[in-house]
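K.L.:
So Swiss-Prot has the following annotated:
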- CYS70, CYS72, CYS85, CYS88: Zn(2+) 1 binding site (BINDING)
- ASP460, ASP462, ASP464: Mg(2+) binding site (BINDING)
- CYS814, CYS888, CYS895, CYS898: Zn(2+) 2 binding site (BINDING)
Amino acid sequence: MKDLLKFLKQQSKTEEFNGIKIGLASPDLIRSWSFGEVKKPETINYRTFKPEREGLFCARIFGPVKDYECLCGKYKRLKHRGVICEKCGVEVTQTKVRRERMGHIDLASPVAHIWFLKSLPSRIGLMLDMTLRDIERVLYFESFVVIEPGMTTLERGQMLTEETYLDALEEYGDEFEAKMGAEAVLELLRAINLAEQIEQMREELPSINSETRRKKVTKRLKLMEAFFTSGNKPEWMILKVLPVLPPDLRPLVPLDGGRFATSDLNDLYRRVINRNNRLKRLLDLAAPDIIVRNEKRMLQESVDALLDNGRRGRAITGSNKRPLKSLADMIKGKQGRFRQNLLGKRVDYSGRSVITVGPTLRLHQCGLPKKMALELFKPFIYGKLEARGLATTIKAAKKMVEREQAEVWDVLDEVIREHPVMLNRAPTLHRLGIQAFEPVLIEGKAIQLHPLVCAAYNADFDGDQMAVHVPLTLEAQLEARALMMSTNNILSPANGEPVITPSQDVVLGLYYTSRECINGRGEGMAFADVSEVEKAYATGVAELHARVKVRITETNIADDGERTKSTRIIDTTVGRALLSLILPEGLSYDLVNQNMGKKQISKLLNTCYRQLGLKDTVIFADQLMYTGFRFATISGASVGIDDMVIPDEKYTLVADAEAEVLEIQEQFQSGLVTAGERYNKVIDIWASANEKVSKAMMENLSTETVINRDGVPEQQASFNSIYMMADSGARGSAAQIRQLAGMRGLMAKPDGSIIETPITANFREGLNVLQYFISTHGARKGLADTALKTANSGYLTRRLVDVAQDLVVIEDDCGVEHGLTMKPLIEGGDVVEPLRERVLGRVVALDVMKPGTNEVLAPRNTLLDEAWCNTLEEHSIDEVIVRSVITCDTDFGVCAACYGRDLARGHIINHGEAIGVVAAQSIGEPGTQLTMRTFHIGGAASRASAENNVQVKNAGSLKLHNAKHVSNIDGKLVIVSRSSELAIIDELGREKERYKVPYGTVLEKLEDSEVAAGEIIANWDPHTHPIISEVAGSVKFVDMIDGVTMTRQTDELTGLSSVVVLDVGARTSAGKELRPAIRLVDADGNDLMIPGTEVPAQYFLPGNAIVSKDDNAKINVGDPLARIPQESSKTRDITGGLPRVADLFEARKPKEPAILAEISGTISFGKETKGKRRLVITPADGSEHYEEMIPKWRNLNVFEGEKVERGEVIADGPEAAHDILRLRGIHNVANYIVNEVQDVYRLQGVKINDKHIEVIIRQMLRKCLITSTGDTEFLEGEQAEVSRVKIANRELIAQGKTPATFERELLGITKASLATESFISAASFQETTRVLTEAAVGGKSDPLRGLKENVIVGRLIPAGTGYAYHKTRNEERAKILSSRGKVETTTVTASEAEKNLADLLNLAGSQD
C-alpha cells in the first residue's frame, strides 16, 4: 500500500522548469482547466453535510469528499480507483483532488476584468484609446458606444448618451450599430488589428512633436507590442467564462451548533451565480431592456467584487460589516499568499525558551535543556533505540521515551554528540541572528548562551527568548557546521571588525587587571619570568596593580611561518603579566602592556585574527572572557552614591551663567537684541556652562594625586568605580556621568526645540518637581520614538533587501579597466576616514605609481590587504582608483574582483556569495540605532554657520583645488571662482585638511607656501557677496540714475556714502527696463576686456547691491566693485538619522534643490518675468544656448559674464542626486550617496563598509533611458535594463550594425524593486495587483534569476551552496539547447531570442 502511494506521488510530480510565464487566459483555456460548470449557488446540505449537486462544492465536478469513496457509497476502497459511479457521477479517487480541480461559470453576458480596467494605467483604456471614465460609463450601462458606424457621420468608439442614441436611431435607422456594456467593449477590442496598428504608430512616432502626445503614443505602442509578441489577444481582458477555485482552497467548515464557518470567497461566488442565473432567466423571458441592463450591471459588479473587492465603489461587506476578502486580497499584503506562505513558512523540529548566561561554555557551545533536547531529537532517538535492539518497534521506542527510562538519556547523549543546532533570536536583522552551536545538555528549562555572541544577536538576559532549530539531513548539518557555527562568524559582515568582542563585565575585569597603581604592594620587584609573577600574585606578595619589571619571551612568526624567540625585560604591572599568560604565541606583549579598554581589546582580537587565524582567535576570545569575568568579580567594582563626586566649582559656574542670562534678558528688554537672538544666546550660555561643569567633574573624577615612593606627588588615574566603567567602555559614558554628578543640562521639548531653562541639578542631588516635569517631557518622547523607529527601520531593511536580492558573485573578473577614485575623507581640519580604511580589501583598478616616479608600486588587480595598505601609507599615496561594483561589467551579478574582500572571512569573495542581501542587512541592521528626528539648529549651531575665515590646525603647505584667482594690490590672492577648496598638505604630500572657500576670499598666503599650525590663512565677509574686478582701470556707471535705479546712503557711524541699487520692484516705471551696471574702461575710455576673452568687462548689478566706488574712480585688480548683501540663509533643519538614509536611497528630490549648470558656458540674464529671472548659458563653441527660469528669491552664486562649468552650482541648496548623475556622471553620484549615508551612520558611531552602499547604488542604477535606438528593438525614451541594452549592443556591434545609446537613470529603491526583470519578486514586494496586471498583459516570463523568486517557487536559491546546483542545471540545459538547435529550427520571436542569448551569455560568464 505504502509503495503504491509512493508510486502515485511520483507520477504527479512536474519535471524541472526554467521559468514561469504569466499571461491572459482565453475562455477556451479556462474551460479546459475546468471539470464542470457550477450552476447552482448551493454549498452543502445542512442536514446531511453532503455537497449539493452542481453547487459550489459539487463532488461530481470537484472530486470525492472521502478518499476512494463515491458520494452515494456504492464504490469504496482502493480497488475501484478511477471508476466513475453511475449513480452519483463521482470519480473514485483521492480527496486531495478537491484542492486542484477547478470548475467554471459560463457568464450570460461578458464581464470586464476589473484589474485590466481599474489598475492604473487602465490597459483596456490604453488599448482602445478611450478615457477610463468613458469606458466605465459604457460598462456600467450609462451610455452607448458606436461599434460599427456604417455610412453615417458617427465615428467608431464615439460615446452616445441615451438621448443622442435615440436621435441617431431616428436619423440613420439601422445603418449603424451601437451597444452598451461589456459586449460593446469586447466588440471594440476584437476589432483591433494589432499588427496594422503597431506598424502605423511606429511610422508616425518620429513626426510627433508634442512631448505629451509622444509619451502617450509610446505607451500605447509598448502595450500593443506586448500583446502582439506575447500572443495574448486584447479581447481576453473581457471575461466570458469565470474560473471557480477548487473547493478545498475556500473551505466550508461546520461548527458545533449547526453554524458554518466559511471562506468569504464562497459568498462572493454565490452572488455571481445567483445574478448570472437570474440574468439567464430574464434573457429567456425576453424581459424589458432596462431590467436586463440592470441585471447585467449587477453581474459586472459582483464579478468585480469577487476579483478585487473595493477597487470600484464601496466594498461588499459580510454579515459582520467587514469587507469580504476577495481573490486579490488573498495574494497581496503581509497576510497574503506571497509574504505569509511563500516567503515565510513555519518549520517543525524547533523549540523556544528563555535564555540565560553560560559563562563556562566554550564559544561553539550552547546549553540545551534536557527536556527540549529529548523532544527535538525524538526521531533520532527512536532510530537509535531500535538499532540498539533496546526497543523492538517504533511504538515501543515511543513508550520508552515517554517514560524517560535511563537508557533514553544515554542514547540522547550519543545522538546529540557533534550534531549542531541553530539558535535564532527575533528580530533577525542580519545573518548573525541565526548561528549554529553544539548542544551541551543541562538541567533546568532555560537555554544557556555564550556571552560573547550576545552582541551579534543583540541579546540580553532580561527575559529574551530564543528559538532552537534542528538541521535534520546530513547536508544541513554540514552547512550548519561549516558556515553557521559561531566560531566561523568572528568578523562582522558589515565592517570586517570582530563582532565577538567582550563587553560590559569582561571589559571591566580586563581593564581593572591592566591598570597600574602607585605604591602598590610589591612595587619595584623584578621577576625572572611570567610564571614567577603568577606565584607572587597567588601568595599575595604582589598585588594586581603593582608596577614591576618582568623578563618576557616573545615568539615572532615570519610570513613564511618560521618562528623565532626573543627575550627582553619590560616595565609592566602584575595584572598585565597575568594577561600575557593567555596571549597566544606569536602576538607581541605590547598589545597587553596598556590599559585594556574596549577599543584596545577589539584591536587585540583583530590583530590576533589577521596574524594567527581563526582557531587561535576563538580559543583566545574564550580565555579573555573567563579571565575578564574572574577579575571583574575580584575587583568588586560597583556603583555607590559616594562615587558620584560633585565638583566644587559647579555652583559658581551655574551662578555665573545665571548672571549672564539676566544680562541678556535686560538687553532684550531694552531692545538691543531680538527674541530669537536672546533665545539662541541663552542656550549658548547654558550649553557652555554645562560643558565647563562636566569638564570640572571629569577632571575631579579621573585623576588623583598620590605621593610616590620617592616622595614626589604624581598624578594617577583614579580607581573610582563609575569612572572605571566609563573609561574602559564597559558601561556608561561621560555624558551619563555628567547627569549623575554634574548637571543634567538642557532638555528638549517633544518637537525637538530646546527648553531654555536647564536642569541645574544632577541625579545625586535629586530633582525638584519642576525639573522632574521637564525631564519627563524628553523621556516620553524617547519611548514613543523607539516604537516608531523599529517599524521604520524594518521597512527600510525590507526595501533594501528587495532591491538587492538578486546580486550574486558569479565570475572572477569582468575585466573592466576603471573604477572609483578613493581619497581620504577630510572635513575641515580633520581626517574623518583615512585612505587605508577606505581601500582595505578592495582591488586596484589602475596601477598605483610611486609618487614622483613612473615606477609601479601596486599593479592593477592587486587585492589591498593590511600589508599593502601599510606600503601605500609609507609611500604617502593620496588617492587610489579601486574597482567597484558600481562600475562592474558583469551582466547579471558582479565579479569577485570588483567586490574585493569578503568582509566576514578576510579573503577575496567566493562565487555564489549573496552580496546583495548581505549589503542590505548591513545597512538595515543598525537602522534601529539611528535617530528619527530632524535636528533643529538652535544655539551653538547657528553661530558656526557664519564662519568667516580658515584657521589651519596642522603645519604644511597650501594647495588650491579648482580655484581661479587674481592678485590684488597688496599681492594677496583673491579667489574669483565658485566651488573652490583649499587644502593643507604635509611634508609627505598627504592631505591633512580641506576647506571650502567662497568667491571673494582673500588669501593671506600664496599657493605652495608654508603655513604654520593655528595660522589664519583666508578671510571673507560672510554677510555680503562681493563682485571682484579682474582688471585695473576706471569705473563707468551704466544706467545708474540717482533716484530712478539707485539711491545714495550715508552710514551714520562712519559718514561714508555709498550707492545702493534699487530692487526692480521698488523702481518707478521709468527705471523698470533699465539695467544698472558697472563698466571698466582704460584711461582713454575704451572698454577693457576680461583677461583671456573677448568679453568687455561689464558687471550688471542686481537689486540691493551696494557700490562703494564712485563714477570714474580708479580701481585695481582684485578690488571689490560692489557688494550684494546675503540674507543669512534660513537655518534649514538638518534631516538626520533614519529619514535621511531613506531619502538618499529613495533618491528623493529635496525641497528647493541646488540649481546646477546644465552646460558649460558664459552666464547672462534674459528678460525677467514677474516672479522669475531668465538665466541663459551660452557655450563658447557657439552651439545651442540653454535657458532656464529661476525664481527671484533664489540666491544666485553667479553674475553676468561669468563662466561656469557643467554641473557647477548656480544657486545654493541641497543637491539632488538625479542632477548629479545627469551633469557630473556616475562616479560623482556614487561618491555623493556613499558619503551622505556614511555621515549619518558615522554620527551614531556605526561602521559600515562603503562596499555595501555601493552595492545598493548599483541596483539603483540598473535602468537606463534609451536616447537613440540604433538598430535595436528598443523605443526612444523607453526605460530598459542596462544589462539588456549592453547585451543587445554587443550583438549588434558583432554584426556591424549601429548600437543604441542610453543615459543611466537613478531610481529610488522602491521603484527599482518594482522595476526588476522578475515579476514574481516585484509582486511579492509591493503593489501586487499592478505588477501582476502588467506582467500578464505583456505575457512576461520570469527567468527565476534572483533569490526571492526561487524561494517562492520552492527551489534552492542560486547563491551559497545552491549556486553549484543552479550552475550545473544551467550547463545541462545549455547542452540540451545546443543539441536541439542542430536538429530543428524553431521560430522564435526577437524577445525570446534575446532572452535565450542573455541566458547563454550569463552561463558563459559563470563558467569561466
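Residue numbers in this text run from 1 along the chain shown.
Backbone N, Cα and C atoms are what each Cβ position is placed from, and that goes for glycine too.
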K.L.:
For the recorded Zn(2+) 1 site, whose residues are CYS70, CYS72, CYS85, CYS88, find every other residue on that chain with a C-beta no more than 8 angstroms from the centre of their C-beta atoms, and list them by sequence position.
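P.N.:
Apart from CYS70, CYS72, CYS85, CYS88, the close residues are ALA59, LEU71, GLY73, LYS74, TYR75, GLU86, LYS87, GLY89, VAL90.
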K.L.:
Residues with Cβ closer than 8 Å to the Cβ of CYS888 (Zn(2+) 2 binding site), same chain and 6+ apart in sequence?
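P.N.:
Listed in sequence order: CYS814, VAL816, VAL894, CYS895, CYS898, TYR899, ARG1258.
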K.L.:
So which of the binding-site residues is most packed in, judged by how many other Cβ atoms lie within 10 Å of its Cβ, out of CYS70, CYS814?
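P.N.:
Top count of Cβ atoms within 10 Å goes to CYS70.
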K.L.:
Around the C-beta of CYS895 (Zn(2+) 2 binding site), how many further C-beta atoms are within 10 angstroms, looking at every protein chain?
P.N.:
23
K.L.:
Measure from the Cα of ASP464 (Mg(2+) binding site) to the Cα of every one of the binding-site residues CYS70, CYS72, CYS85, CYS88, then give the nearest.
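P.N.:
Considering only the listed binding-site residues, the nearest one is CYS70.
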K.L.:
Enter the number of other CB atoms within 10 angstroms of the CB of CYS85 (Zn(2+) 1 binding site).
P.N.:
20
K.L.:
Identify, among the binding-site residues ASP460, ASP462, ASP464, the residue whose Cβ has the fewest other Cβ atoms within 10 Å in this structure.
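P.N.:
Least crowded of the binding-site residues ASP460, ASP462, ASP464, by Cβ count within 10 Å, is ASP462.
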K.L.:
Name them in sequence order: residues not among CYS814, CYS888, CYS895, CYS898 whose Cβ is within 8 Å of the mean position of the Cβ atoms defining the Zn(2+) 2 site.
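P.N.:
Close Cβ neighbours, site residues excluded: GLU811, ASP813, VAL816, ARG883, VAL885, THR887, ASP889, THR890, VAL894, ALA896, ALA897, TYR899.
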K.L.:
Considering the binding-site residues CYS88, CYS898, which residue's Cβ sits among the greatest number of other Cβ atoms within 10 Å?
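P.N.:
Answer by Cβ density within 10 Å: CYS898.
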K.L.:
Cβ within 8 Å of the Mg(2+) site centroid (ASP460, ASP462, ASP464 excluded): which residues?
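P.N.:
Once ASP460, ASP462, ASP464 are set aside, the remaining close residues are ILE355, ALA459, PHE461, GLY463.
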K.L.:
Given the binding-site residues CYS70, CYS72, CYS85, CYS88, which one's Cα is the least distant from that of ASP462 (Mg(2+) binding site)?
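P.N.:
That would be CYS70, nearest by Cα distance.
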K.L.:
Any idea what the Cα distance is from CYS72 (Zn(2+) 1 binding site) over to ASP460 (Mg(2+) binding site), rounded to a whole Å?
P.N.:
62
K.L.:
Using DSSP with the three-state reduction, classify CYS895 (Zn(2+) 2 binding site) as helix, strand or coil.
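P.N.:
It is in a strand.
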K.L.:
Provide, as an integer number of angstrom, the distance between the C-alpha atoms of CYS85 (Zn(2+) 1 binding site) and ASP460 (Mg(2+) binding site).
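P.N.:
About 65 Å separates the two Cα atoms.
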K.L.:
What is the number of other Cβ atoms found within 10 Å of the Cβ of CYS72 (Zn(2+) 1 binding site)?
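P.N.:
Other Cβ atoms found within 10 Å: 14.
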K.L.:
What Cα-Cα separation, expressed in whole Å, is found between ASP460 (Mg(2+) binding site) and CYS70 (Zn(2+) 1 binding site)?
P.N.:
59
K.L.:
DSSP on CYS70 (Zn(2+) 1 binding site), three-state: which is it?
P.N.:
coil
K.L.:
Where does CYS888 (Zn(2+) 2 binding site) sit in the DSSP three-state scheme?
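P.N.:
CYS888 (Zn(2+) 2 binding site) sits in coil per DSSP, no helix or strand.
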K.L.:
Three states by DSSP: which one describes ASP460 (Mg(2+) binding site)?
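P.N.:
SS state of ASP460 (Mg(2+) binding site) = coil.
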